[in-house]
């Protein structure tokens, strides 16, 4: 709950701010134009999400090392190079660690041109809370930069700042924010899918007219009014990367205070655009083409940005520059982007192929192959080790014969002999794995038991919340050798059991992918869509289309039954709907399967028991089997249909005893093949609910019957 000392001039800023102050304001009357006030920045040193859990259980995201430099140091170097003279760093999670790091850094040295003031509170839950505190404390006196502490950039912000100030001068403070974006193709590695946006922008003024996140969308809709009466034209932009850098007027903090529903910048942007005609506020865009800016929002972005730093795309923020003035950051740079720190030892026959950073005091054994990797200080690598896109932090030990591919090993993690880490693995601090074990793709191992997270919910933003209790749990709960090896220390994290909407982000892995089975990931959104979820996605065109398509298919089948329409004509109608709503064949198959299974529920008021449900469904399956067979053809289609059937019965638990009869009907009608049913039943990488479903006695008897039938068929052959 600590705060900084009063900021010089803050009281004056509070007195004048409500009058629309800020650079370019109407305060000067007849006097000479004053030079712009010192540039300030608000740096948010918290992400307010758990995307980096369990890594960030040990240290805050802004202190995670990227190319052996803490993320926040890149951000502060960017702000200082931009000309920022005063930066307010707002901390919540692990605030003591951030404060200690900054106080030991050059940023808190008396000679620093950028005065860093640290403000901590356990009450911050969002960007909105931070900006409301900025307003309450009257910290900003003019236009300021708003940025997160995990942004890496070399953008010269001066031009954007001049444009912003000029607009506010000419248009009487109408423009409240200028967002900085970079031109970037949709397929570029540093485009984070979660941050992708499509915008409508005034061609002449760069005023943002429409702003929409595109994650998961296939079609975009724009109000027709955008294109009416715009003499200078409107540009639709999908070639932009969000740098997460915003130039804000002082009114921004006040607007967050006035609108408590604003929690994120996106909330703010949508609110301003929605109320532009009423309040008169506008948001503008500044686009850079050659400079660099990106936010490390997940480990996919961590990997991409780290590679860009090593490949010198963020010059002058390159490893050998040592912009932090640290004695351990003295690197030499050689061909193929090989960086070596002091006192590095490289064994006989070891090859550093390209894009490799070796931290100070690191020892590499003989006959190692290292490429596209970052190794922190004081690491020890044994003989015959392969590192490819590996990110090793401080003090990591890798024993002989290990192979690490596209994975992250945090401080003092240890990999024993002959361990293989497949892509997207994460070992958090002090984890030990091995020997002689292969970690599957996407494995996350931590010394913190996954179930300890439930106990943290009430105090998740406290630096020491639940620490003592968690240590006791570690003592009581042993490690699983099947997961971490005979000498391993750590727990395998899984996210399949997370169901609450508040914790939905925990279903996102550290790498920006989903931690779930392949079948689950391919069918997650194409089935029935919860209306509340639909509302929460702000009218997503893709979800709207799937929902409408599902209703249209239901109507088509109802009409087909009433009017005795042939299956051939039903297929033609469904295909026309498919093209009208731009639905993929996979989505058609999944929606059709669900609609058929749900059809009896739509026709009867009240609950159905399993016997009555089967009595209603089986004649429908027989009648519509040609339609289903038209879409369920390949083995992959069969598995998708089975996943949709599984989802249906997981959602309708009272009908689960009828599942065996339903699958028998699908089998006898030759919609599903016995080998794919057996393959589906034998899947191990499924949810706990899916495993429980497979324990149903009727289902197990049906599977046993199928296996015996398959064996008899094999004997006859």
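Note that Cβ sites are derived from N, Cα and C of the backbone, with glycine treated the same way.
The region 'Disordered' annotation in Swiss-Prot falls on one of the ranges 442-479, 556-593, 594-631, 632-669, namely 442-479. Of the given residue ranges 495-516, 517-538, 671-692, Swiss-Prot assigns the label region 'Disordered' to 517-538. Looking up 18, 694 in Swiss-Prot, the residue bearing an annotation of omega-N-methylarginine is 18. Of 99, 126, 213, 318, 446, all annotated as recorded positions, the residue with the shortest Cα distance to residue 57 (ubiquitin cross-link) is 446.
Around the Cβ of residue 137 (ubiquitin cross-link), the number of neighbouring Cβ atoms within 10 Å comes to 18. Across the domain 'W2' (539-716), the model assigns an average pLDDT of 84. Around residue 57 (ubiquitin cross-link), taking its Cβ as the centre, 23 other Cβ atoms fall within 10 Å, counting all chains. Once Cβ contacts within 10 Å are tallied over all protein chains shown, the modified residues 126, 318, 446 are led by 446. Summarising the environment of residue 213 (ubiquitin cross-link), the number of other Cβ atoms within 10 Å of its Cβ, over all protein chains shown, is 17. Same-chain residues at least 6 positions away in sequence with a Cβ under 8 Å from that of residue 99 (ubiquitin cross-link) are, in sequence order, 91, 118, 120. Each residue contributes its Cα atom, and for residue 137 (ubiquitin cross-link) and residue 126 (phosphoserine) these two points are 17 Å apart. Residue 126 (phosphoserine) sits 19 Å from residue 213 (ubiquitin cross-link), counting Cα to Cα.
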